[in-house]
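Chemist: Please read through the structure below; I'll follow up with questions.
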Amino acid sequence: QFDNLDKHTQWGIDFLEKYAKFVKERIEIEQNYAKQLRNLVKKYCPKRSPKDEEPRFTSCIAFFNILNELNDYAGQREVVAEEMGHRVYGELMRYSHDLKTERKMHLQEGRKAQQYLDMCWKQMDNSKKKFERECREAEKAQQSYERLDNDTNATKADVEKAKQQLNLRTHMADENKNEYAAQLQNFNGEQHKHYYIVIPQIYKQLQEMDERRTIKLSECYKGFADSERKVIPIISKCLEGMILAAKSVDEHRDSQLVIDCFKSGFEPPGDFPFEDYSQNIYRTISDGTISTPKQEGMRIDTKTTVGKAKGKLWLFGKKPKPQSPPLTPTSLYTSSTPNGSQYPIFSIEPVHYCMSDLKTGKPRIPSFRSLKRGHFCLQGPALEDFSHLPPEQRRKKLQQRIDELNRELQKETDQKDALIKMKDVYEKNPQMGDPSSLQPKLTETMSNMDRLRMEIHKNEAWLSEVEGKVAARSDRRHSSDINHLVTQGRESPEGSYTDDANQEVRGPPQQHAHPNEFDDEFEDDDPLPAIGHCKAIYPFDGHNEGTLAMKEGEILYIIEEDKGDGWTRARRHNGEEGYVPTSYIDVTLEKNSKGA
């Protein structure tokens, strides 16, 4: 069965290599799977910028955590592949090489033993054949001797010669017999040794080799499973992390983040007032002297028509400020009633009315204001104080900047302390360094600290201003309805005043209107009443169009508050108006300014 055992052991090695190939392909699958998982994570991971401005929603954070856990999961698949490659595949390939060498050695020993036994058999067979041949020759010599000895005609010399030949052949047969017996004994001994000692020992070695191969396969099967089982706890943690990430999603928190992100701080628009275009018709019908100004050839001033709504038809328009129309002879006539009272009579023409409304209507669209002031933000100091942003967003940005400046200030402070300590060490131990070499760096650090403190102070001033405005706006929001009711007692639905001039609460009179003024923001020619005053804290150049230059300490009238964009409308004593940065002034509003 030597050849069958040879085939069996070869099959065992082939099966071992086949399993090793299976493990190698499994390793490649794990590696490709891990690689594809990592590529998937990399594809969907956010490319974070140095400053991530995006709101951190819990759903996004949960997804990013799931991606991180999936990346860790991919790492565990790589660990599985590495463990299989090192513990299973590599061990199998080394053992296969050793197994081939050992099998080859045992088979060579078996072949050598078989060859030696065959050689002994050949020697025994040759001696046997030689002994057989000598026996036949001896028999022939004996027959020849007997024939000559019985022959009477044979000479004595022939008989003696035949006798000598017989003795010689008999002696050679005896020698060959002894040699054959020795060879036979030797062969029998070697054959017994071959079949009872040598071959069983070789077969036992082959059996042990095959059993070790089977044990190695069993160990590799176990190692193959252990490689997977070792990472199961970590994979379970990854899956638990994904579940925890899913549970961490909070819809209310996400909604609050959206609210905080887009909260502007602007007040909602007021109600649209009713615009009574029939008021002039009723007044002209009750007057009866509408033809008088035409006969006098007076020109109608369309700026004083009641139909002028001051931009109330524009979306998000603010509540109109009650103020008396200019009393000019070209647009207002008085007429006496039977009870002796006087009331104004307005003369109006359709074309003049339309042109007047287009020319003098004041748009109150915040988007238009933001467009114009956005231009200021690009050129003026608005970018520095975030005045181009809504109040709430501006407050957040300022708070973030203050926190960053505080961190930088802390770094500079730590650096200053370290330099001072190093300078003290140098002064005590001059051999370690020159103390004067640290002075420029120390001076630079102190300068940076002063600069940072100034920046922090400036940003804190802007922040306190924004926070104060937001609080004041919320307080004013409660009193706006009361002021609206008070104003309606003396204001018509479209913004013109009632006939009783004694009930009007009027601001500073502006009798001298400039007829040639027509500025780019479509403002009314009538100056707005002052609602407070301000003092310039910093100088402002006012190079941009629509801005007002001011000097430090200059006192200005406030005619329009900051709408959240960082600009306040002010007026000088000489009547010059424009916008100034809110952060550059100290504002003082008059009490009851809404009704002034």
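Just so it is clear, glycine is given a Cβ too, placed from its N, Cα and C backbone atoms.
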Chemist: Which one of these stretches, 360-394, 395-429, shows up in TrEMBL as coiled coil?
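Modeler: Going through 360-394, 395-429 one by one, TrEMBL gives coiled coil for 395-429.
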Chemist: Of 121-165, 256-300, which span is tagged coiled coil by TrEMBL?
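Modeler: Spelled out, TrEMBL records coiled coil over residues 121-165, not the other listed ranges.
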Chemist: With DSSP as the yardstick, break the domain 'SH3' (529-590) down into helix, strand and coil residue counts.
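Modeler: Tallying H, G and I as helix, E and B as strand, the rest coil: 3 helix, 29 strand, 30 coil.
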Chemist: Taking all residues of the domain 'SH3' (529-590) together, what is their mean pLDDT?
Modeler: 88
